[in-house]
Amino acid sequence: MLGRERVKKVMALIGQLFPDAHGELTYQTPFQLLIAVILSAQATDKSVNKLTPVLFAKYPEISDLASASQADVENTIRHIGLYKNKAKNIIATAQQILTRFDGQVPKTHEELESLPGVGRKTANVVLAEIYQIPAIAVDTHVSRVAKRLNISKPDASVEEIEQDLMRKIPKKDWIVTHHRLIFFGRYHCLAKNPKCESCPIQSYCKYYKDTHART
């Protein structure tokens, strides 16, 4: 397993590759980000960004979405995966934001994860992006990179990967590391045909060593 010192060197190299990594979901308010992240489950940020301007133009206030019919919301977001379940969840979340949290997006894991459609990853994104509370959201890209680099075991769960990263990365760097790992996985360490030959962290990467040894 990759230890703290080697992880530090790896993250520095990834930082050189993607110094300006950032969240790519577009939003104007904390509530809009929360809804966008819920919609992003098993979908690309690009597909969500095409959808949310239409959604928020139709339902500009939290109360508008809270009082919307599920059929209308489903129709608005129908081009995204799992749209029926997501429509139900974002309406219910809007309702609970108003009734339980006085129209404010919560600032704790416990409160965020009590909302429909909000899991650990979504909560971490909101806490880090909106409130600058240190967190590492583990999505499919972060998971793939952590396993390929041998930061986490091949069969590690999302929760285990999050814990591995938090143990091996200083807390002050969690947010920027989260963004850089996503960019690295999304644009360099791809699921198919990763850019191994031009990768600056070849010498640290278990995946590269394993696949290179077979070629």
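Positions of Cβ are set from backbone N, Cα and C atoms, glycine also.
These come from TrEMBL:
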type	residues	note
BINDING	Cys189, Cys196, Cys199, Cys205	[4Fe-4S] cluster binding site
DOMAIN	39-187	domain 'HhH-GPD'
Residues near the [4Fe-4S] cluster site, Cys189, Cys196, Cys199, Cys205 excluded, by Cβ within 8 Å of the Cβ center?
Arg148, His188, Pro194, Lys195, Ile201, Gln202, Tyr207, Tyr208
Of Cys189, Cys196 (the binding-site residues), the residue whose Cβ has the fewest other Cβ atoms within 10 Å:
Cys196
Using a 10 Å cut-off on Cβ-Cβ distances across all protein chains shown, tell me which of the binding-site residues (Cys199, Cys205) has the largest neighbour count.
Cys205
In terms of DSSP three-state secondary structure, what is the assignment for Cys205 ([4Fe-4S] cluster binding site)?
coil
